[in-house]
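The annotation signal peptide is assigned in TrEMBL to 1-41. Here TrEMBL flags 57-91, 61-96, 72-81 as disulfide bond. According to TrEMBL, the feature domain 'NTR' maps to 360-479.
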């Protein structure tokens, strides 16, 4: 909580005194505010109370939802507090016993034998998963070709069978790595929730030894704690993997293993081989002990690329172990790998791996006052929002945004909304975890089943800044009524 401004200390103190003196203290507070000139001119947002404790899980078995809340304390004239008043997290309880009725089925069954649809007819209801909103209680009448929506499902209901997301207040939310639903928090390459890849190192090398004879050759040690392991080559040779106990995980003892997923060092190793010929090994990690990567040579080695992320504190032991085994620490790098000075170790400091070129074509130029005025006047909503996540589905891109400041709205907006954009390469492309000024339109389908906020192609979307805020306020005065 930030530093309290003048007047706030007295007010908070008065709230916590005994009840008989509460009214008297409030009168004294108002008198002090008026005398100090702070009553009407208070600036900035209010301040949050501490979070209350998490509620009990909404379910008695399986997955459910727990919630906690806080209140906004505001002086007269202050803006609402920034942020959310409620947080939801996923709670995982022991699995439900075999044969237990699923949660959504139970909710539909509550309407069995009850008259609905304005008639005295009764039906038996089962869940229907083909409706547009998966967080509505859509139930199919058994033996009939229609379904009925009974409103929202209860919080903690799975969005669909087998899905990770659960419904909260009518919205399908997925848990972030912090356990909070809808937070969008992700693990970095080091395995830290919300991290910036600054606690581990990116090891990337190429094994180019041609080998003097056919047989097994050591490529590298994959140390304990390695994450996001990837090995690839193109030849008729075969990659082999040996566990810490000296037993082969795959392609050992001159026998070629089939492609598939193998258990090794506490992680799943995915082994692929095509007619290219190309072989790859991939594993998410982290590894629970060392693995030895080898190659079974049958022809000259054109180069085996391997990479993994390693905690910084584990790199020195890894380097010492490799030196003790007599393997070179420095290998020539392929062209696409950033060249390193000869004296530098063959480890690139923690950074995001180079991504493939973006296949999206450049967007048209949409700068200028005329463009801003056109979209502001023709839009239904103009607001500042933070992009929480981006999801591509079918031929559309869906952004989940948190509304922070509204400049124009023709109907109420929720604190969090979905904004849709046409195509997999919308223009402009919005980046998660950044603030934007957006002008969007409301799009309602003819049958009323969809009500969306649409960001049109080449529409108005600017990174938010104080300068953009001033420009959009000036545009609002020039827009015809």
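Glycine is treated like the rest: Cβ placed from N, Cα and C.
All TrEMBL annotations are machine predictions without curation.
Residue 96 (disulfide bond) has 57 as its nearest neighbour among the disulfide-bonded residues 57, 72, 81, going by CA to CA distance. Cβ neighbour counts within 10 Å, taken over all protein chains shown, single out 57 as the most crowded of the disulfide-bonded residues 57, 61, 96. Around the Cβ of residue 81 (disulfide bond), a 10 Å sphere holds 17 further Cβ atoms from the protein chains shown.
According to DSSP, the secondary structure content of the domain 'NTR' (360-479) in residues is 23 helix, 51 strand, 46 coil. For the domain 'NTR' (360-479), the model's pLDDT averages out at 86. In terms of C-alpha distance, the listed disulfide-bonded residues 61, 72, 81 place 61 closest to residue 91 (disulfide bond). Cα separation, residue 72 (disulfide bond) to residue 61 (disulfide bond), rounded: 34 Å.
A Cα-Cα distance of 27 Å separates residue 81 (disulfide bond) from residue 57 (disulfide bond).
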